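Structure record follows, encoded as structure tokens.
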Amino acid sequence: MSVWALGLNHHTAPLDLRGRFAFAIDQIEPTLRGLRASLARQPEATLLSTCNRTEIYCAGDTNDLDSTMEWLAHNGGVSPSLLRAHAYTLQDDQAARHAFRVASGLDSMVLGEPQILGQMKDAVRAAEDAGAMGTTLHQLFQRSFAVAKEVRTSTEIGAHSISMAAAAVRLAGQLFEDLGDIKVLFVGAGEMIDLAATHFAAKNPKAMAIANRSLDRGEKLASRFGAEVMRLGDLPGRLHEFDAVISCTASTLPIIGLGAVERALKRRKHRPMFMVDLAVPRDIEPEVKELSDIYLYTVDDLAHVVQTGRDSRQAAVAEAEVIIDAGVQNFMHWLDQRGSVPLIQQLNAQADAWRAAEIVRAKKLLARGESIEEVLEAMSRGLTQKMLHGAMAELHAGDASSREATARTVSKLFLRGQMPRAATERKER
């Protein structure tokens, strides 16, 4: 059994390229079905897609990295060569190590951030719903979650970390003297917007509003913060009312365009606007950043802010890597053992067939009036002969060196490793 992974993340690919490979959670099931149908042996598969990474994990009898890469490139509308220039490919122990590091927050833009673990669990559930999970990937991810839990409870990896949402508040505080005097608009109602709204609400802004495609979901989030709710369609006409705009939706196209922002600035008489686009692909057209009085930040722009305290946690990183190393070794040991499962199943089936045949024979003997002692003797002798026949035949076949190797194997299996005395004496002479 082989395990492989490939992907691209904030370390290897720019934001706009990552945006081509972003999948909403409700897209994962059909996407996985398409992936598996495109591969010859339909391996187990899981797809993880966040604002900072898109990764595919597969497990199958044979490694199919090249075909997986070609499928992903086609799905994103780019050439395989372009994707390879920005992607990473990992196999077996390296794939397992990467999964464990991702789950533990060691590969995140925000070192030790906990959100990635929930995102991985969502990805696993989606793969299960798609019928794409099997024993191997189930083990890989359950062990990833266990390792992540141990890392978080045994180390200080998450101490003093700054989330994207907290970084947005910090940057807003550098632009506005008092966050209590501003009006904040949140576009979307997902987990990232929930976190951002929580952090901004702690600063008691003058007003908060949530614009979302689904009013029900928007109202549910808004009720926690005493915020106003509006439809996405109302956003262009009301954009000028807000000093800060935080956006993170699953839209595949920008929902805040250059023209809308230009009109908002004009109505604001060019009072500055703070905008954070946490979405991948982008929610806000990149040209907006060129406007005077607009301070637009993307997830990649926030990277330097969230690095605060990273150096002071290098000891925790080293401790986490030790835990991860042990987890990788245990997983690879389990994976190696899995290679023997088909043979074990065949041996059990063969032994059951022999047993069934001897029982049939014994019943016939009993029906003919044979004594129980004689029937038991015949049955046990028959089973013994069947079990030893193959080994006996191999011991008489081949040249001397092959017979000696066979003798060692047979003694290990049937004599607990003790070589017969005659064979030992021949070896000593």
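Cβ coordinates come from backbone N, Cα and C, glycine included.
Quick look at what Swiss-Prot annotates:
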type	residues	note
BINDING	Thr50, Cys51, Asn52, Arg53, Ser108, Glu113, Pro114, Gln115, Gln119	substrate binding site
ACT_SITE	Cys51	active site, nucleophile
SITE	His98	site 'Important for activity'
BINDING	Gly188, Ala189, Gly190, Glu191, Met192, Ile193	NADP(+) binding site
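Rounded to a whole number, the C-alpha distance linking Pro114 (substrate binding site) with Ala189 (NADP(+) binding site) is 19 angstrom.
With respect to their backbone Cα atoms, Ile193 (NADP(+) binding site) and Cys51 (active site, nucleophile) stand 13 Å from each other. On its own chain, Met192 (NADP(+) binding site) has Cys51, Met164, Ala165, Cys248, Leu278 as residues at least 6 apart in sequence with a Cβ closer than 8 Å to its own Cβ. Within 10 Å of the C-beta of Thr50 (substrate binding site) there are 24 other C-beta atoms, taking all protein chains into account. Pro114 (substrate binding site) falls outside any helix or strand according to DSSP and counts as coil. Comparing Cα positions, Ser108 (substrate binding site) lies closest to His98 out of the recorded positions His98, Gly188, Gly190, Glu191. Considering only the residues assigned to substrate binding, Thr50, Cys51, Asn52, Arg53, Ser108, Glu113, Pro114, Gln115, Gln119, the longest pairwise Cα distance works out to 15 Å. Between the CA atoms of Gln119 (substrate binding site) and Gly190 (NADP(+) binding site) there is a gap of 12 Å. The Cα atom of Ala189 (NADP(+) binding site) lies nearest to that of Thr50, taking the recorded positions Thr50, Asn52, His98 as the candidates.
Ranking the recorded positions Thr50, Asn52, His98 by Cα distance from Glu191 (NADP(+) binding site) puts Thr50 first. With respect to their backbone Cα atoms, His98 (site 'Important for activity') and Asn52 (substrate binding site) stand 15 Å from each other. Following the DSSP three-state reduction, the secondary structure of Ala189 (NADP(+) binding site) is coil. Rounded to a whole number, the C-alpha distance linking Asn52 (substrate binding site) with Gly190 (NADP(+) binding site) is 16 angstrom.
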